[in-house]
């Protein structure tokens, strides 16, 4: 069985997440061994939150779940590519389709290139 080399990377492996239908890059996150095993077993993208220090099933709060369509591993076994079906239209916790919604202009300023899919204040209120 192919497994990411968690030992080489200090226990966390980066994951680039891409829309399987369009090729759009949605986000970058990290997984540990438990998140890897949970993702394989459930078919839903499960990551490890470095700030909360716990597993995080993408979309469990917002409903914007990522269904795994394909997983690829790089030649060094230390980076993954999740190709997903993005349910609900937004991968970013700030309400955008992609976490890469800001274009950096030549002068160093930022320009938002996407419309918000949802209002985070409404979705994540406690």
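Using N, Cα and C of the backbone, Cβ positions are placed for all residues, glycine too.
Annotation note: residue 76 (Mg(2+) binding site) sits in a coil segment as assigned by DSSP. Around residue 76 (Mg(2+) binding site), taking its Cβ as the centre, 10 other Cβ atoms fall within 10 Å, counting all chains. As annotated by Swiss-Prot, Mg(2+) binding site applies to 74, 76, 78, with the evidence given as sequence analysis.
Residues or ranges marked as Zn(2+) binding site by Swiss-Prot: 75, 92, 99. Cβ neighbour count for residue 99 (Zn(2+) binding site): 17 (other Cβ atoms within 10 Å of its Cβ, all protein chains included).
All protein chains considered, the CB of residue 75 (Zn(2+) binding site) has 6 other CB atoms within 10 Å.
Listed in sequence order, 4, 5, 8, 9, 13 are the same-chain residues six or more apart from residue 78 (Mg(2+) binding site) with CB atoms under 8 A from its CB.
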